[in-house]
Amino acid sequence: MRMRSSGSAAEEEGVDSDSNADVITSSNEAGGSSKSDESTSKTESRNLQTTARPSTTQPTSHELDRRKSTDKKASTARIRRPSNTNWKLTESRNGHLEKNRPADLDIISVPSKEAIAADKMPDSRPNARRSRLRSPWSCSPLTLVTTLLGMLSLTSILHSFVSRQLDTKGCRMSYMRPSFAKLTDFDTEHTRFASKYSVYLYREGMVDEDTKVKGVPVLFIPGNAGSYKQVRPIAAEGATYFHDVLRHDQAAIAAGARNLDFFTVDFNEDITAFHGQTLLDQAEYLNEAIAYILSLYHDPRRSERDPDLPDPTSVIILGHSMGGIVARTMLVMPNYQSNSINTIITMSAPHARPPVSFDAEIVRTYKQINDYWRQAYSQKWANNNPLWHVTLISIAGGGLDTVVPSDYASLESLVPDTHGFTVFTSSVPNVWTGMDHQAILWCDQFRKVVVRSLYDVIDVNRPAQTKPRADRMRVFKKWYLTGMENTAEKTLSEKEPTTLLTLEENSNSIIAQGERLTLRKFGQNHKPRAHLLPIPPQGTPGGKRFTLLTDQKLDKSGDSGKLEVLFCSVFPLHPGQSATLFSMSMDLSGDSLGSTRLACKNAASDVIVLPASTRTTKKPFYLDEEEELVPFSYLQYDLEDILDHQFVAIVDKAVDPTPGWVIAEFNDNVRSHRVRSLSLRRLLAFGMGIKLPPTRPMVTEVKIPSLHSSLLAYNLEMGGQTCGDDAQLFTPLLRQYISEPYESKYFVNVKQASINLHGVSPFMPPALKYKSIQDGLSLQFWTDPTCNSSVKISLKVDVPGSLGKLYMRYRTVFAAFPLLVVALVLRKQFRVYDETGIFMSFSESLDMCLRQSLPLVLGALTCLSVSLAQASAVPPYSSSTGFWGWGGNVTETQIDFTKNDLLVGSQDPFFWFMVPLIGLVCVGACVLVNYAALAITHLFSILYSFLSVKPAWLRNEDKRRAMSPAFAPSTPRRRILTTAMLLFLVSTVIPYQFAYLVACLVQIATCARALRFAREARSNTNYNFYNYVHSILILMLWILPINLPILVVWVHNLAVHWLTPFSSHHNVLSIMPFILLVETLTSGKMVPRVTSRLRHFTSVFFFCIAIYAAVYGVTYAYMLHYLVNFVAAWLVAIHSSTSTWTLSGLSTMFEGESTDIRKRGKTP
């Protein structure tokens, strides 16, 4: 006769099989059983724990007798008591629960050889299918194809990120001779963090080695895991520049320039990006450090400042990465000293949103800081704005920064343009290169700009040590912006005429109206000569603009170079007055009797430097081993800026023929500015073509408003131009730019260019000022207009290159979005288990989800994403003075700064495909993690089997089973004490993240043991349990990355001997359900089936986790731990529903173990 286990029989007959009722004995389908089988089953019943619920299959008379005999031998202390819970358990064949079954029974057991053989027999198609699907390694074709597509997409994204649309590195190396003086007096009397943090004063060797303070205090704040020594390049340049240049410049000294005293903070490389409390601790410490630093300047023993100068009341702040966020946090702290900070320069700092949202405290801190700054700048009156005197400059490295997305450095949502701005290093004059996260500190050409801008804003004659806010903003814009922005200020109108230009009366140097001036060589007349361009009158059709480009440096008044540009007005002077009214006189009249006198202003202060573009240049910058490139000089004036003048005088001052060229012209804005209004879809399908005609202005600008997304990259191709007989003065120069934030990139000698930008980005809060139409991408071309040949330009979307832009913007979704897949898989597993008693493998459940729930959920989320993107484009409503708007300004608009936090954060419906794409990649990631977990558990299972091999003389089957039960859990007393001890440590010493890591390790061990016995026993019950614990492990593994960063912070604090416990991560309730669930699973107990309506709660809970992970997971990832923690508590409640706890039963757990062993009886 054919023998099979009861579990297999139930499955074959299609009856709802309760896994908890899988009695590991063999029975005949007709009802008979052998005596040896009955004897074996009785032995197993005494020595192995079985489940609490009977099978729904029809028991035979022999089986009933066997159960009765087993029940009689069970201890009376373990007789099942009726539960007072409302769980509806699976009924027996007469519709009632057996009350005399053992209560504390294990479901993992080892059947007899006959039962194993019967369970293995593939005598029917349902059994064959069950055997195939039982393997956790099984992978359906649909799952395989989906995984391959997901991994192909991920590989394409990563390959594009590392190989396409890459910015060129152009930083030159910096050198220094550093020395640091620790401020040892700043001890525990001043701050409670003195044992953890410290402050140093930087001094440059062989330049300034005196440790007394003597200048203007500047405080450097390192970033996440940063070192105080990172201040070296900038501080060394500051000391060297003052020592070599400024101290010899009496005008600068009189204007308030002094040496910069650079202080730097040693945070012991604290990790601030992951832990909000650490960020707050640093801000508190720095406020105390500033108070101490300022006190040094009051102490004559520590200061060498001129006693006539006022004592400093504020400190300039330089912040790198998260140090910039700490700097802004300082102004929010209770111990902030008013007006002690008025200038903040941050480099690669994520102002707009936290880099990761794994910690609730850092998300809360970011919200508090940003709300404070927004509220301050929304005040109507300056007296009500505590930040009115503060200027904040945010500098971003661009695409080379792969640590912090440069989009996050934007201040558009925080600070108005009157108090700060965001600029990219590729825009900064004479820098013109992107930088990675660390290079922004040591890049030689950039540190020079930072230091010179600092020396330009300081004024030791004022207590604040800096110039007024408006002057500071003007200085920063001069040093960091290109000068071609709409907000750029021209200084020409503010100047007085300083040069008297005298020309011949009948000079032929006046260029006709509308003509272009082109000089191909200087000094051809062997004497200075002025070329005059008449300025068109106001109201000229087309809107005129003056542009000039040359490869020479423009002279200031009194310089002896080759070229000087003056804006002149006719000024009839009487004899003898020139010496008193003008500082410079330039007489080019020669020996002629008649002359024309012009009062002129020098335009050198408004010059814009552009990277040189010649046939030999390849990049806008030069490296250490390369020849220095002299930049082009460019002037650009709107007609309104120069209407007070009649002529533009281009003075060739060379007396001998020398190489060089200059082009100057007045052109129409209509001809030089174009707006191409085409959609992204049309650009993607057909591209865009531009043709510059032969007769064109020197500068042509094309604006494409639809190109504003940072997720797309483009390829530009520019055709060559033929210049005929005359040599080409310069090769085409391209500048791509967006106006908010200020990002410009230059391409010299351009034939092909890779265009990418940091415009509208996912998850970014909206700007303070609403813009109905995005400015979009602008392309500015400088081409040689003397060639008289047309130029063709084509622009196409670079689809492979655009894939790489997804990595930096969406890499954090892998901390949340995969939980959508895992939660739906677990939801399907529990639903099938509650209905059939079979707990499917993770792979089988994933296959079913791919056919049903996942496509529906992703489709619904895609529709939601499109709806959110459309809502994001709706303008904010204006607040009224009515009932709801009583506290607001009439002109104030209520902006929802969180409207882009949801789902994929897209603000453009064009990117509807992001949800399916991310879902596809996450499915592939979940499959890989599943198989990685399987590989790990199989490896540990093999090791566990190897270590638990019994001696050769214990080969008797019954004796082996008696000595080696499937699960040998520790006693309940030991488990309770272990759990209580762990929870006590969580509440006092260790963060709950450490306990979570321990729980994950224990769960891996449980999976390994469950796999071992499932492979040995090959019963459905054991496979059900293994699939269950494995799926719980997968869920816990996806939550682990959310907890690991906090754990890293805690370990780091231990390493620096900072033993102060975390104040925010000792919540016992945040880990207790996980610990209880894992401890329960170590005993080998399968979760009971819930057949009442309460089973729908499990489904709803997992579905809520899935939706939350997709919609809110990226912005509030820390909440996923609490949600899964709640589900763990729910599973613990289900587990405990089949157990009855009484005081007497609890007291028996703490009796001696020997007594407990005696009560179990002996093996017959």
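One is the number of the first residue shown, and numbering goes on along the chain from there.
Even glycines carry a Cβ here, placed using N, Cα and C.
Automatic prediction, not curation, is the source of TrEMBL annotations.
Ranges compared are 239-262, 431-454, 1127-1150, and TrEMBL records transmembrane segment for 1127-1150.
Nonlocal intrachain contacts for the transmembrane segment (854-874), taken as residues 6+ away from its ends with a CB within less than 8 angstroms of a stretch CB, comprise 766, 820-821, 824, 899-900, 902-904, 906-909, 911-916, 919, 923, 1106-1107, 1110-1111. Count of Cβ pairs under 8 Å against the transmembrane segment (808-826): among 910-932, 976-1004, 1025-1051, 1100-1121, the largest is for 1100-1121.
The stretch from 976-1004, 1025-1051, 1100-1121 that makes the most Cβ contacts under 8 Å with the transmembrane segment (910-932) is 1025-1051. Averaged over the domain 'GPI inositol-deacylase PGAP1-like alpha/beta' (213-456), the predicted model reaches a pLDDT of 94.
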